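Engineer: Quick one: structure below, then a few questions.
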Amino acid sequence: MAVAMLLAAAASASQPSSLEGFQPLSKIAATVDLHGSAFVSATPALLGDQGEDTEWVTVKYGWANPSADDWIAVFSPADFISGSCPNPSRYPDEPLLCTAPIKYQFANYSANYVYWGKGSIRFQLINQRYDFSFALFTGGLENPKLVAVSEAISFKNPKAPVYPRLAQGKSYDEMTVTWTSGYDISEAYPFVEWGMVVAGAAAPTRTAAGTLTFNRGSMCGEPARTVGWRDPGFIHTAFLRDLWPNKEYYYKIGHELSDGSIVWGKQYTFRAPPFPGQNSLQRIIVFGDMGKAERDGSNEFANYQPGSLNTTDRLVEDLDNYDIVFHIGDLPYANGYISQWDQFTAQVAPITAKKPYMIASGNHERDWPNTGGFFDVKDSGGECGVPAETMYYYPAENRANFWYKVDYGMFRFCIADSEHDWREGTDQYKFIEQCLSTVDRKHQPWLIFAAHRVLGYSSNWWYADQGSFEEPEGRESLQRLWQRHRVDVAFFGHVHNYERTCPMYQSQCVSGERRRYSGTMNGTIFVVAGGGGSHLSDYTSAIPKWSVFRDRDFGFVKLTAFNHSSLLFEYKKSSDGKVYDSFTVERDYRDVLSCVHDSCLPTTLAS
């Protein structure tokens, strides 16, 4: 039997291509030539017997002609070499394997494989609604030949509800719960059982969930429509309303089957958001460009996010010390390999199950030519925003337009969508202006803007080479809005490092202070927080005068509002969780009202 496998991965482009990590499986053409001397086996055959959604599997393999470039691939569904599939347009006449492997590892990862001709590797699997098989390839990644396939293994209930994802709703007293399962609405009815964590509380409430999915036809190009396609299952979202500010609640996701029995997920707790303007301790995490990585050391298509697990682990360890997370674009870097969305939701589930996880749209979620975006590039691998817009909830008026506001106590967040036009006259510009202008600063003094691409300032080498230190046309339409409405901090990702500017307006520092700001703020502080985990970006060698602190490392930002007058900003490295940059703001309401350049309304003499 001879079957060709061609895996075409879209180029990733959060920076110019010379900075991108190589995707090893992007150009594979493999023949199938099963050998009697080759074998692959996996144990245990039944996973999740006690309800686990993550399991370790031992894979044993070998054959008579081992070589250093042999490798083991993980496939799901297990049957990947039968049937017909749509071909990438660039290879119209080649038969294909129906789905790309989820991940792989070189066979000599096991000691002495080349000498003995057999080895053993442990893989970590998550419940992804289908069975799994493992395949042994020889010939390396350039000329691979399939020589052995294992028997299928599976989770006890592949359809089980998994990986809950909290997000704040359109109102402060609403929390949304989103999760993934294999149950269509015709098979089981999804709901959330929840209530207040308090002695003598009333009986729990059950709130029905809506169900969405998407199909291959929803994708805009390859590989998402071809070898990268994998059925995403069903995405369910329930809206828990009329929450009491700051109260702790428990919840549990479930599906009621036709016979009346219930398939339950795990139980978690969350704390309801504060009332807008409420004077209480409020702690915010901000970062972008995290991606995902494999704890078993295996490789996958976007294998250039080396800091991803460190960032995840630091945030899991520190769960009790923050309240809400903003991940400002470039989530899993799936780039058209849909299985990676499951991998990402599983990786961050310990965070998202307990804290609202608000996301922004990045180029690796949205961009694809001729699909209505602002950038006519192929960074999403054909996803054109569909998985991100379906897998996660965010309180936008139109889910295809990824801009929205969040009122969280003393904070207002205006989340923009840098993958759609933001310039003056557009719908997004009108939203940004409304979001910034309608906040009541005496009750919500801390005004934050965020977007994925750098619409402000960055001394990234590519931006510096263009001469503007920004995304082309990034801040020209927005800087007067930021100044007029006195935005405190503007966050961006896309550039994979950390940088903080002085308070700025029109490319000039408006304060000589670096760490302790007090009284009237004359400009906005711009922060690049794109070191969530993806491969790091370089700066220009010459440091601009406005650049206060730069760190080419993985990390994230924490904002702490102690009250209406005191804010603490901290940049922490993912490697150790320690603070490497910080500043404070101390001011009163009158300081927000004070006139600065281009911020004041016209006045007249009293009569």
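Backbone N, Cα and C atoms are what each Cβ position is placed from, and that goes for glycine too.
Keep in mind that TrEMBL annotations are predicted by a computer and have not been checked by a curator.
Sharing the feature lines straight out of TrEMBL:
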| type | residues | note |
| --- | --- | --- |
| DOMAIN | 40-157 | domain 'Purple acid phosphatase Fn3-like' |
| DOMAIN | 164-271 | domain 'Purple acid phosphatase N-terminal' |
| DOMAIN | 283-498 | domain 'Calcineurin-like phosphoesterase' |
| DOMAIN | 523-582 | domain 'Purple acid phosphatase C-terminal' |
Engineer: DSSP on the domain 'Purple acid phosphatase C-terminal' (523-582): how many residues come out helix, how many strand, how many coil?
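Structural biologist: Helix, strand and coil residues of the domain 'Purple acid phosphatase C-terminal' (523-582) number 0 helix, 31 strand, 29 coil.
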Engineer: Pull the DSSP breakdown for the domain 'Purple acid phosphatase Fn3-like' (40-157) and write it out as helix, strand, coil residue counts.
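Structural biologist: Final tally across the stretch: 7 helix, 48 strand, 63 coil.
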Engineer: Using DSSP, how many residues of the domain 'Purple acid phosphatase N-terminal' (164-271) fall into helix, strand and coil, respectively?
Structural biologist: 3 helix, 56 strand, 49 coil
Engineer: For the domain 'Calcineurin-like phosphoesterase' (283-498), provide the mean pLDDT of the predicted model.
Structural biologist: 95
